[in-house]
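The structure appears right after this line, and notes come after that.
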Amino acid sequence: MFKINENYLKLPGSYLFSTIGKKVAAYSSANPDKSIIRLGIGDVTQPLAPAIIEALHKAVDEMGKKETFHGYAPDLGYEFLRNAIVKGDYESRGADIKADEIFVSDGAKCDSSNIQEIFGSDNKIAVCDPVYPVYVDSNVMAGRTGEYNKETETWSKVIYMPCTKENNFTPELPKETPDMIYLCYPNNPTGSTITKDELQKWVDYANKVGAVIIYDAAYEAYISEDNVPHTIYECEGARTCAIELRSFSKNAGFTGVRLGFTVIPKELKCGEVSLHAMWARRHGTKYNGAPYIVQRAGEAVYSEAGEQQLKEQVAYYMNNAKTIREGLISAGYEAFGGINAPYVWLKTPDKMTSWEFFDYLLEQANIVGTPGSGFGPSGEGYFRLTGFGSHEATVEAMERIKRL
Ligand code: PLP
């Protein structure tokens, strides 16, 4: 009889969004006259910008002609896109990244879950708590996380780095030395970010202890403050310790189009073995490339018109985040984030648990958010609202909260 990968059986059910869905459906069928505002979503809602639609149409037409048809894409992605990325995301920030260090993919979720494959199964991972769940679950599937403790909702072999208001949502260097460190800035779910000096400390630490940093910068486009790094390669020494993951989902609305990339500098090595070469081998074996049409759309993100249109789109979401943050503060809540990220993270009032606050907000204000405890034990007592809704609904939601 065949055997299965038993690590999958260790995964606790992911009940967060299904429980939210069920609760909202039950409330709405019992109260059909209530208009519910959904501020729990992490998905974008604005349509693709005109410059991107234009590039898509053009590429579709090319695919219909023999002379301009494209089959399999090159392993690392088309050079026109990798060159645009280098110019737009790295050279402009003074970061030394070359086009052949970029691996184009179909998004940061796949990359952030697949990247662990090139590391040994006895490596120890460190994650922020709360955290984007993909980092932990993909390591569970690979058998790297030990046993799950239902009481504490933690894995025995994972190093958790609590991020709470007490440490300004910035983790301290762990006491136990990790091999792989996952960092995500600007952060989902807390909406917090890191200064360049703080990130430099992590780079120095990783180089000192021989750890690798997997840096998820999916929300880079939302940075508004000057002292916040747009890429980990702005830090000195990052080329020998850091892999960076990027996405076109949140800066350009590609959640349904699918495009992202991973950066692995050539100096990043384990002894003599190059991680760049390993990922290239993996990419070439298991992946056949993002579609030509989509890579042309990605190129348009860096065009003058694309940049301008997307700046406006991001500003729309950030105006919502500002409305939420300021609305909550004026209603007497402690609210964090929403300045360099589309997420606002609030402290639940009166010692309410995250789920108690979820029910309270749904029943009293007909607003749906996401309970912080769903992102990890240190998320208990917090709650996430997002700027991805419509502006009108966001303003109305804040009016309702103020009236509570
Ligand atoms: N990384 C983080 C931190 C995210 O929050 C998300 C999506 O919500 C992703 C990655 C996924 O990005 P993509 O759509 O490129 O797969």
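Heads up, the Cβ atoms here are built off N, Cα and C, so glycines get one too.
Remember, predicted model here, so these are calculated numbers, not experimental data.
Spatially close to Tyr132 (substrate binding site) yet at least six residues away along the chain are Ser112, Cys184, Asn188, Pro189, Asp216, Phe375, judged by Cβ distances under 8 angstroms. DSSP assigns Tyr132 (substrate binding site) to coil in the three-state reduction, placing it in neither a helix nor a strand. Under the heading substrate binding site, TrEMBL lists Tyr15, Gly42, Lys109, Tyr132, Asn188, Asn288, Arg384.
Here TrEMBL flags 35-401 as domain 'Aminotransferase class I/classII large'.
The secondary structure of Ser249 (pyridoxal 5'-phosphate binding site), as reduced to three states from DSSP, is helical. Its Cβ taken as reference, Ser249 (pyridoxal 5'-phosphate binding site) is surrounded by 22 other Cβ atoms within 10 Å in the chains shown. Feature annotation from TrEMBL assigns pyridoxal 5'-phosphate binding site to Tyr72, Ala108, Lys109, Tyr132, Asn188, Tyr219, Ser247, Phe248, Ser249, Arg258, Asn288.
Annotated N6-(pyridoxal phosphate)lysine per TrEMBL: Lys250, in sequence order. For Lys250 (N6-(pyridoxal phosphate)lysine), the number of other Cβ atoms no farther than 10 Å from its own Cβ, over all displayed protein chains, is 25.
You'll find the Cα of Gly42 (substrate binding site) roughly 31 Å from the Cα of Tyr72 (pyridoxal 5'-phosphate binding site). Ranked by CA distance from Ser247 (pyridoxal 5'-phosphate binding site), the binding-site residues Tyr15, Lys109, Asn288 have Lys109 at the top as the closest. The shortest Cα-Cα distance between Lys109 (substrate binding site) and any of the recorded positions Tyr72, Ser249, Lys250 is the one to Ser249. Long-range Cβ proximity for Arg384 (substrate binding site), meaning a same-chain Cβ under 8 A and a gap of 6 or more residues, is found for Gly40, Pro189, Gly191, Tyr343, Val344, Trp345, Leu346, Gly369, Thr370, Pro371, Gly372, Phe375. Selection of the recorded positions Tyr15, Tyr72, Asn188, Lys250, Asn288, Arg384 by a Cβ distance under 6 Å from ligand 1 yields, in sequence order, Asn188.
Across the structure, Lys250 (N6-(pyridoxal phosphate)lysine) and Tyr15 (substrate binding site) place their CA atoms 24 angstrom apart.
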